[in-house]
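**Student:** Taken from TrEMBL, the feature domain 'Aldehyde dehydrogenase' applies to 18-481. Annotation comment: TrEMBL describes Phe155, Lys179, Glu182, Arg183, Glu386 as NAD(+) binding site. Marked as active site, nucleophile by TrEMBL: Cys287.
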Amino acid sequence: MSVTSDTKVIKNLINGEWVSSNSKVTLDIPNPATNEILAKVPVSTKEDVDQAVAAAKRALIEWKKVPVPKRARIFFKYHSLLSENHAELAKLIVYENGKAYKEAYGEVGRGIECVEFATGAPTLMMGETLSGIAEDIDSEMFRYPLGVVGGITPFNFPMMVPLWMFPLAIVCGNTFVLKPSERTPLLANKLAELFTEAGAPPGVLNVVHGAHDVVNGLLEHKDIAAISFVGSQPVAKYVYERAAAQGKRVQALSGAKNHHIVMPDADIEKAVQHVLSSTFGSAGQRCMACSAVVVVGENDKFIDALKQKADDLNIGNGIDEEVLLTPVIRKEHRQKIIGYIEKGVAEGAELIRDGRKEMGEHPAGNFLGPTIFDHVTPEMTIAKDEIFGPVLSLLRAKDLDEGLEYIKRSRFGNGATIYTNNAKAIRKFREEADAGMLGINIGVPATMAFFPFSGWKDSFYGDLHVNGKDGINFYTRKKMITSRFDA
Ligand code: NAD
């Protein structure tokens, strides 16, 4: 933390105005590839939160009455503006998050798809009716917004995750206070700027930057009706419990440890390609990243090919379009990952590729080369914890049952994938894999905006997931009308 110097301190958005935080304390926003300081983010206070929530509460009075098609029209305009700015948004993601331009471009696309989904609100928000539940009596169900919703987001998808939240919440008639990751706050402001340009009235979307105080301010605020959270497991659990204890509706998406099962019949070339880009894309900092491969049977060909292709990966600044492996978010995070590599060695896993050797190639940035451990067993720390970096564990299994058992033993259940063309194995995997999003010959089985993003076990706390019909149900409450017509 530092006290403000010459570098630009970004602002909060409250009631349609870009305002300075009440706090003078700031954090640097370095480019992970160079550690050059891009700007500073204020560590806002509870007072800032109170102002934002008050603005959202005032805006709610009119916004919830705006006809649904009219609300949706703002999102058509927003969709156009985001599409026009696609490349610029992607570059901003590269600068503050560090991921490769192609991935950032893809992320912008996934974010725009959420806005696309939100434009369907007039259909999505429809209720249900039944004529004749009894003699001369009919029943109708209508959906209404909840009120002011708080959203708390992580650094790894600075565009997609905020867009999982505020478009759907707002199109359903809620108003919103967003607390973006303090490590990637620039893109959030760009999203808010374009939303204002699309015609969002003041106070409908507010942005308060900062860290724990802002989060706690939202969790405890009596005028916040619901919390959408995405981030690491301990924080997700904390947010879920604390907000639920205050009577709020909560969805808290959490950490992951995604297993990919490589069956003996798998197409080796394709499996290697999918595993590599799933594991090392975004430097392993994806909640749907592959972090453990279960090799079924003796498959030295797969392991040799994987290692060789890992040696060939281009490492560098994500702005260079040829690069696949980019830096991790901060130097401290790299240190934590190195701690896991040391632990893997100490616990007896076989380090067959050590990415620490590439650290010196780009000394200014937070780089770490592809790291692969073989003969990892399920009780080792590197098999259990979410490392969130370019580190892959290979586990050996004698058959599919044993592979499925490894998935079952994991406390996380975000995603899992199988590489095979065997119909029986595919069906068994689909029925028995203990995770919410499965891939069949797919490296990153992340769902589209019209389906729920559906983690299980410690990868999710709550009931209704983000996106799809779950998203609509999360951001609305139902009212039942029962009418007698016998007069
Ligand atoms: P993080 O938990 O450090 O931060 C997430 C948010 O919580 C940030 O806005 C941060 O300011 C806030 N926060 C952090 N510590 C806090 C504390 N002690 N008290 C209150 N608030 C706190 O997560 P991150 O490192 O930004 O993001 C990576 C994590 O997010 C990974 O674990 C990843 O798996 C997870 N993630 C999950 C999904 C999913 O869909 N399940 C999607 C994206 C990311």
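Glycine is no exception: its Cβ is also placed from the backbone N, Cα and C atoms.
Annotations in TrEMBL come from automatic prediction, not curation.
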**Student:** Around Arg183 (NAD(+) binding site), how many other CB atoms lie within 10 A of its CB?
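**Tutor:** Arg183 (NAD(+) binding site): 22 neighbouring Cβ atoms within 10 Å.
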**Student:** What is the average pLDDT across the domain 'Aldehyde dehydrogenase' (18-481)?
**Tutor:** 98
**Student:** State the three-class DSSP label for Lys179 (NAD(+) binding site), counting H, G and I as helix, E and B as strand, and everything else as coil.
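**Tutor:** Lys179 (NAD(+) binding site) sits in a strand per DSSP.
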**Student:** Any same-chain residues 6+ apart from Glu386 (NAD(+) binding site) with CB under 8 Å of its CB? Would you list them in sequence order, or say none?
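**Tutor:** Looking at Cβ-Cβ distances below 8 Å from Glu386 (NAD(+) binding site), excluding near sequence neighbours, one finds Ser232, Gln233, Gly255, Ala256, Lys257, Ser291, Phe412.
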**Student:** Just to verify a number: CA distance, the residue listed as 'active site, nucleophile' to Phe155 (NAD(+) binding site), in angstrom, no decimals.
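**Tutor:** The separation of the Cα atoms works out to 11 Å.
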**Student:** Ten-angstrom check, please: count other Cβ atoms within 10 Å of the Cβ of Phe155 (NAD(+) binding site), all chains counted.
**Tutor:** 21
